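Everything on this sheet refers to the single structure shown next.
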Amino acid sequence: MTSDVRPTTAPSSSHVDTLRTLRKQRRMERMQTPSASQKKVVESTHVYLTTRVDPVMSKVITYMLIEQPKPENIISVLLKYFTELAAGVTLEPNSAAKQNRKTNSADRLYMAKAMSPVFTKLMNLLLALRPSNVPEYLVGACQGFVDNDEFKNLGVVAVAKPPTVPETVAPAVAAEASATPAAQVTADATAITTTTSVEAAPSPEKKKKVAYPKKMVILMLGLDGAGKSTMLAAVQGDPEPKCKPTVGFVPNTLRLENSQVQFYDLGGGDNIRDIWDSYYGDGHAIVYVIDAAADDMKFGNSIKVAKETLGHEYISKKPTLIFCNKSESKAARTVEEVAEELGMSNDATTKIVSSTMHPKMTPTGEVDGRIDEALEWLFDTVAVDFDSIKERVKKDIETQKAKEAKEKAEKDRRVMKKSICKAFGVGGEEKEDVFSEEDGFEFLAQEIGFMKAEELEEEGRVIAGMVGYQKLALMMCGGMFAPISSKKKKYTWKEIKEYVEGIKGEIEGL
Ligand SMILES: Nc1nc2c(ncn2[C@@H]2O[C@H](COP(=O)(O)OP(=O)(O)OP(=O)(O)O)[C@@H](O)[C@H]2O)c(=O)[nH]1
Ligand SMILES: [Mg+2]
């Protein structure tokens with residue numbers, strides 16, 4: 001059984017930072033040229049925030065910073081506060097705690113880790129719905145968190161060492177908080193809660209940067225409509241991806257610092273999945289996307305295909321990241337449910353996480369921070385073991401090529417056998433596409449690049465006769481003697497003769 005660990009902070013220095021920076025730049029560029037309608041939205045938002053939201057939020061933030069309830073009690077304290085406020089009563093913090101004290105790092109940590117996720121969520125709800133009666137709306141919202149257990153999913157975490165509620169709290173804290181306009185709180189909160197957004201708050205414990213290889217290949221697999229292409233568009237800065245179903249294979253390169261990650265985005269439709277296995281050998285790692293909110297039938301099929309795919313000899317044990325996507329939907333199965341259905345759990349090379357690939361569906365409207373985190377895990381996992389994964393890929397590609405070549409040879413042999421049967425009307429085949437001797441020589445001569453039949457060597461003529469001057473058989477013999485591709489093996493007439501003799505030996509009635 002595995003659990004959905006939503007990371008609370010992103011590493012402050014990582015390859016994925018390059019990606020985040022890129023996204024930020026694109027967003028800045030978009031923001032620099034606001035349209036008239038965007039300007040209007042900004043203005044009305046400003047009015048709404050200053051007139052209706054700030055008066056409520058600035059007081060409640062002060063109250064919470066002074067009271068500092070335990071993270072698990074934050075929602076119930078807020079519910080009580082807003083209920084009183086809706087009834088016209090503004091709760092005041094415990095007066096004993098109001099004496100002079102400067103803001104300390106514990107306060108900031110409390111604000112960042114315990115308060116910020118809840119406040120970001122509330123602010124986003126307010127901005128999205130713009131209720132006129134803010135306190136009343138907040139009562140309902142907090143009640144909703146309690147009823148739906150949503151509090152658990154807000155990323156609220158226990159602060160490592162919970163700051164004890166101080167006997168005295170400086171007006172500095174109170175003043176700072178009460179002077180904080182709600183818009184600023186939102187901005188702060190957004191920066192802090194990169195549990196669900198792009199810009200990471202600096203992590204207290206800096207993660208060591210893993211050296212990435214110059215190029216890695218990641219296969220994007222999963223049924224149609226799961227959200228693969230949306231993820232690729234979103235992580236590269238598209239704020240509102242509108243992806244059409246992928247037909248076939250679309251390479252998509254993500255440039256990180258000194259490294260290129262090449263995603264092979266493979267369409268997941270019924271008619272497209274046949275091509276998947278020809279790419280399996282190439283992948284250093286796999287991203288598998290499951291629509292966790294799909295109906296039972298589609299979800300069942302998704303699990304079935306995922307099991308087959310992830311158990312494939314060229315896939316199994318390569319670093320694999322499984323996204324249970326569309327997690328914002330009420331219908332979405334949890335990570336635990338998906339993991340159980342798959343019979344898999346998190347281990348050194350497997351990670352199963354929830355995601356909301358479409359930025360417009362996340363609480364912040366930004367890229368779901370869990371995607372960045374999970375991708376970083378995947379890239380790191382590939383990087384730390386790259387030498388052996390590279391060897392494995394090399395071996396898998398060789399094995400795959402050899403297998404494909406064997407299958408092709410077997411298929412060619414079957415086709416040649418059938419063509420010879422057609423030449424002589426045996427083996428249940430009708431006589432079909434058979435030239436006269438003269439036309440057969442001319443046809444084979446032309447197949448190997450001669451102008452006239454007279455130029456065809458005696459051995460070629462013998463073979464033409466052996467295959468009964470059948471059109472397809474002659475074409476195949478010509479292709480063996482003078483292949484179009486320089487990569488293909490060139491056969492001698494002697495080898496072709498032996499090949500045809502071998503096949504004819506297997507045909508009854510000849
Ligand atoms: N609600 C919701 N919709 C999403 C999410 N991610 C993607 N979608 C939508 O799901 C649909 C399919 O997304 P795609 O990214 O095209 O899916 P795909 O896996 O690439 O599908 P194929 O290319 O057909 O294999 C689109 O309409 C997306 O907008 C999400 O997190 N939540
Ligand atoms: Mg697609």
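Glycine residues also receive a Cβ, built from the backbone N, Cα and C atoms like all the rest.
Unlike curated entries, TrEMBL annotations are predicted automatically.
For the GTP site, TrEMBL gives Gly222, Leu223, Asp224, Gly225, Ala226, Gly227, Lys228, Ser229, Asn325, Lys326, Ser327, Glu328; the one candidate out of Gly268, Gly365, Gly369 that the record lists there too is Gly268. Across the structure, Thr246 (Mg(2+) binding site) and Lys228 (GTP binding site) are spaced 9 Å apart at their Cα atoms.
A separation of roughly 11 Å, to the nearest angstrom, links the Cα atoms of Gly222 (GTP binding site) and Ser229 (Mg(2+) binding site).
By the criterion of other Cβ atoms within 10 Å of the residue's own Cβ, the least surrounded of the binding-site residues Lys228, Lys326 is Lys326. Around the Cβ of Glu328 (GTP binding site), the number of neighbouring Cβ atoms within 10 Å comes to 18. Listed in sequence order, the residues of the same chain lying 6 or more apart from Ala226 (GTP binding site) and placing their CB within less than 8 Å of its CB are Gly268, Val289, Ile290, Asp291, Ser302, Asn325.
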